[in-house]
């Protein structure tokens, strides 16, 4: 961990209008929950639907994508990463710091709003803490994967979108096998183990989910470190 | 005493034909159209658009194969439904390519260079919007055309009716291209930072879709069917689908407002979106064009 790198990264992610994008998505989630609560149209099924499809299924992947690729991608693209890489700071520290910043951002803008949305909705059967923990562990895995993608490829955002939207959502609906390799489903499995609500249906069992979450997070972090060791900075397009 | 002589250091003047505004605008259009598919740029920029084009064509090819081999003409996808079925892929195309057209000049502060030529602010905006809409039309209309040709070759019955539906499908593709190009370029023009533009555009398209479908489900749950239909006008894909279903004779899929009135309102909304985006982009590029 390097406080200077962390501070610079935070400033580049939250500076000026960029933070707006990060506020809009959780803002919509809270607005939706508030409207549902005020019109009194929510029951357990609706609560689960909102928390599962919107908070866990849409807000989390998009925010993790913005945060994960945003902490390192633009710097590699415009060559600014050289100013960090030429300092006597281990590459491992650089990757871990960037990852920590991404995780903090995901926690602030995805996990905390999920908790608030659950509280606003007054979700029964311990759905609120269960989904908050689910979003948190899913967010850590997503952040690690997207930071690694940001180091590996210049098309990181597009590849991330293809994975999160096409693989997890689209293929997941048609081919149930695709759901087994989906971070959202692993997070949902963790959620399922923490609540006794009957409306949560994960596609994988808890031990598999926890193992996969840990393995993917570690593998992505190691991969990012290894790739950053031999990074070639090409000129901007 | 002639003041100008001290500046005249003997360069020859250009006396040839000046190509003018129309030529510059056409050049910008062609350049942006090529850029939307990564043509004239390194291979890295071509990978994503052409992968997405490939994914767009796959279901059409598969469907024609089913129709031809299993001899089931009723399995042919309805032309107006195709873009709706593959809206995720179209959204990703818009998200990845809109920043290519709208963000790069703003990010590198090169917009003033355009306006040092005889080109107006509106010309630049219309050329960019037209180029992106054309690129999107190529993306959406090609598989629909493929379906129609496949239907002709496998001799699906009622060819006259199919032709009408096909033309309706093309009109829907054109409308969708215009609306998506308008939304995509506006969002991308305001998020010049690399990567952020992609995320912002996809957030607008996907989150509006997710949000509206949840609210629609709840409205239907509580019996507000009319309200649910009108809510459908809040996302670009359902908006265009409303026009396609109500005015162009498309097959009904999702909840859209009923009657011709619903279609007309949707069409007016589409026109408003496109006109509004021209205004916003005009203001944005004029500001970026001040050096």
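Cβ atoms here come from the backbone N, Cα and C positions, even for glycine.
So that you can see what the record holds, here are the features copied from TrEMBL:
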TRANSMEM  B:47-70  transmembrane segment
TRANSMEM  B:82-102  transmembrane segment
TRANSMEM  B:129-151  transmembrane segment
TRANSMEM  B:163-190  transmembrane segment
TRANSMEM  B:196-215  transmembrane segment
TRANSMEM  B:227-248  transmembrane segment
TRANSMEM  B:260-281  transmembrane segment
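Proximity of distant same-chain residues to the transmembrane segment (B:129-151), defined by a Cβ-Cβ separation under 8 Å and at least 6 residues beyond the stretch ends, is recorded for 28-33, 35-37, 52-53, 56-57, 59-61, 63-64, 67-68, 73, 76-77, 79, 82-83, 86, 90, 93-94, 97-98, 101, 162-163, 166, 169-170, 173-174, 176-178, 180-182, 184-185, 274, 277-278, 281.
Within the chain, the transmembrane segment (B:260-281) has long-range Cβ neighbours (under 8 A, six or more residues past its boundaries) at 102, 122, 125-126, 128-129, 175, 178-179, 182-183, 185-186, 189, 229-230, 233, 236, 239-240, 242-243, 245-247. Against the transmembrane segment (B:82-102), stretch B:163-190 shows more Cβ pairs under 8 Å than any other of B:47-70, B:163-190, B:196-215, B:227-248. Residues 78-80, 82-83, 90, 94-95, 97-99, 101-103, 106, 128-129, 132-134, 136-137, 139-141, 144-145, 148, 197, 200-201, 204-205, 236-237, 239-241, 243-244, 248-250, 267, 270, 273-274, 276-278, 280-281, 284-285 of the same chain, all 6+ positions outside the transmembrane segment (B:163-190), place their C-beta atoms under 8 angstroms from a C-beta of that stretch.
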